[in-house]
Amino acid sequence: MKYTKFFIIAAIVGLFVVFYMLGFNKYLSLEALQTNREALNTLYHEHRVAFTGAFMLIYIISAAISLPGATILTLTGGFIFGPLPGSGIVIVSATIGASLAFLVARFILRNTLEKKYERNLKKFNEGIAKNAWSYLLFLRLVPPFPFFLINIVMGLTRVPLRTFALVSFIGMYPGTFVYTLAGGQLATIHSVKDIASPRLIGAFTLLGCFALIPGIYKKLKGAKK
């Protein structure tokens, strides 16, 4: 068990080292995407299946170990595949990657933390278990919450993988669609900030607040009893 955990951690660290040493981070920028868009488009049309498979694999690994560049990859998906097919390919890849990160956090950290903070985690787990859908949907919909942190924290709870994956898929889809839609208009984008406007962030935050209503209702109902 210890060796398995060590191997997983070493593999993650190794991927980070390779990513930065080979300079892959330079390609995950809006400028690089706009510069290489024609080459990417040609490559896709010449090798559709291989390109799609490679894109999904890169996205899954990126999401699983929290490499930077998810926004650029999502824009790429929208530009290459189109908004609807692109959002489907991206959301499936993101959900698989998030689920892998969730499982890694659960396997490596949960038992150790449960032994050390048994009382606190027991109460936390009970609260999450009752309203897992509401809490997770809220976290996925509201933009400021970091993608990787949600994966890790949820991995430390007793939320089933099936619930985590399904709610993540639903909660991440609206934002994914917005970015793949923007990817279809790549030439007109001057900055990633042009996409995530304050109005859009506010709309997603409001949508996330609606997701909390069932949980709040349950609490109020329980308090009355």
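Each residue, glycine too, has its Cβ placed from N, Cα and C.
As given in TrEMBL:
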DOMAIN    70-183  domain 'VTT'
TRANSMEM  6-28  transmembrane segment
TRANSMEM  49-82  transmembrane segment
TRANSMEM  88-109  transmembrane segment
TRANSMEM  132-154  transmembrane segment
TRANSMEM  166-188  transmembrane segment
TRANSMEM  200-217  transmembrane segment
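With DSSP classes pooled into helix, strand and coil, the tally for the domain 'VTT' (70-183) is 101 helix, 0 strand, 13 coil. Among residues of the same chain six or more beyond the transmembrane segment (6-28), those with a C-beta under 8 A of the stretch's C-beta atoms are 36, 61, 65, 67-69, 72-73, 104, 107-108. Computed over the domain 'VTT' (70-183), the whole-number mean pLDDT of the model equals 88.
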